[in-house]
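According to TrEMBL, the feature substrate binding site maps to Arg125, 146-149, 212-214, Gln218, 265-268, Arg448, Lys450, 459-460. Summarising the annotation, TrEMBL assigns Mg(2+) binding site to Glu142, Asn144, Glu366. Annotation comment: TrEMBL describes Glu142, Lys303, 362-371, Tyr373, 396-399, Glu423, Asp456 as ATP binding site. Feature annotation from TrEMBL assigns domain 'Glutathione synthase substrate-binding' to 202-300.
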Amino acid sequence: MAAVWQDVVRDAAAVREAAAVAVDAALLAGVLMRTGEQPHTSDVVSYAPFTLLPSAVPRALFEQAYAVQQDFNLLVDAVSQNKEFLEQTLASTIKVDDFTARLFRIYMQVLEEGLAQTVFLGINRSDYMFDCGGTAALRQIEINTIAASFGGLTSRTADVHRLVLNVLGKTEEASHLLPNNPAKGLALGIAKAWELYGSQRAVVMFLVEDVQRNIFDQRCVENELWNRNIHVVRKRFRDVFEQGSLDASRRLFVDGQEVAVVYYREGYVPQVYDQQNWEARLLLERSRAVKCPDIATQLAGTKKVQQELSRPGTLEKLLPGHPEAIARIRATFAGLYSLDEGEEGDRIAATAIADPDRFVLKPQREGGGNNLYGEELREVLEKIKDSPERTSYILMDKIKPQPALNYLLRAHSPLQVSKCISELGIFGVYVRQGQELVLNQAAGHLLRTKAIEHADGGVAAGVAVLDTPYLV
């Protein structure tokens, strides 16, 4: 599996020529980001980092990941509707993790007041690695239920890789790269939610960061909506705080415009929330607008929920009458362990301290760059092993993927071969009106690749790069 482009990787002249073509192709195709030096303007842009060559992915595991995505959509939706499960699962976490606790307080306040929202939109991305410790197996890393990114740019990356393979004389292989357009699939879900909200005049609001380096990824989805004659506005939490209001029937207005759908591309890390932003978030959650995600669905994506789902019997309670879906979901689980206080947590903590290379330590955070490995994992666990703070983490078996040689193309970086590993994400979209699921589908894929010396971190964090699967 690892040696699919062995002849190319060794040909320095061919690599140099292909890399020059690839960079121009990425710029032409719109695989773009704003620069770190000028993150607030599109006057100067660069290409988003990507691999020179598409990476080999086992066909059977790729198909398995697609086949289980509708099941994961069902599961996330079921968790988001189960107050008792969320309360029990997050009870220990909210005592020690202030961010999760504040989200949870808003969740409870909105439930007590009574939900105004009747249409629910989920856009998630389930991320996997290929475990090659024995027989190759698909292992879920996490499921992202808020601001799952790069559906736009990855829609354009396959064309770049197709051209590169053609330039390298691999026309047959180029013809096998799969079409992929998550931007269209995500927009389909947003458009369906907008339509069910039932007001032609209402807008879709992208809730965006203050610093928007990844704006082109968002524009891909935005433009799909404009093409359907759906009006899109871009606002920050600050704008919602200053210009937002609810009318008597809890319709949301921002700057005088009624908002049908709030699509979060922000709001998943504690650093973005000051008191004003927490108040803005509460206003949004209390409204009738379709939130993607609503706060219950954001909580459903926490690491603690992920760990709890792997316990025997949990899936059966959440998805009664779906034994095939449960079997497909369970087949993707890696070993996940609770660090809650008590005998079981003590035993797991001691095991990880004794053999830290077997595990990954995960806090309740999204956005990449948060996980702990090896010696760092041991140090942190040693420090918190007797403290309630350890309950804000979960432990997961470390996955052993098969490295492959590739070139990671980054602006202003030397062209050099790297040993790389890849992570496959499948986008899922669902829309529920009341109790009826009106849309449930996989919406495309994202392959990200990084050099093996970088344990953790995504494309936006500057570690992983965009890639295209080449099925083998």
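Note that Cβ sites are derived from N, Cα and C of the backbone, with glycine treated the same way.
Packing around Arg213 (substrate binding site) is summarised by its Cβ count: 18 other Cβ atoms lie within 10 angstroms of its Cβ, all protein chains included.
Comparing Cα positions, Arg125 (substrate binding site) lies closest to Asn144 out of the binding-site residues Glu142, Asn144, Tyr373, Lys398. Annotated pair Asn144 (Mg(2+) binding site) and Pro363 (ATP binding site), C-alpha to C-alpha distance, rounded: 14 Å. If you compare Cα positions, Lys398 (ATP binding site) sits closest to Glu142 out of the binding-site residues Glu142, Ala148, Arg265, Tyr268, Glu366. For Arg265 (substrate binding site), the spatially nearest entry among the binding-site residues Glu142, Pro363, Glu366, Tyr373 is Glu366, judged by CA separation. When Cβ atoms from all protein chains are considered, those within 10 Å of Arg125 (substrate binding site) total 26, not counting its own. Checking each of the binding-site residues Ala148, Arg213, Tyr268, Tyr373 against Glu366 (Mg(2+) binding site) by C-alpha distance, the shortest gap belongs to Tyr268.
Under DSSP, residues within the domain 'Glutathione synthase substrate-binding' (202-300) fall into helix, strand and coil as 40 helix, 26 strand, 33 coil. All chains included, 19 other C-beta atoms sit within 10 angstroms of the C-beta of Glu142 (Mg(2+) binding site). Note: the Cα of Glu142 (Mg(2+) binding site) and the Cα of Tyr373 (ATP binding site) are spaced 16 Å from each other. Mean pLDDT for the domain 'Glutathione synthase substrate-binding' (202-300) in this predicted model: 98.
Here the CA atom of Tyr268 (substrate binding site) lies 13 Å from the CA atom of Pro363 (ATP binding site). Every protein chain shown contributes to the tally, and the Cβ of Asn144 (Mg(2+) binding site) ends up with 22 other Cβ atoms within 10 Å.
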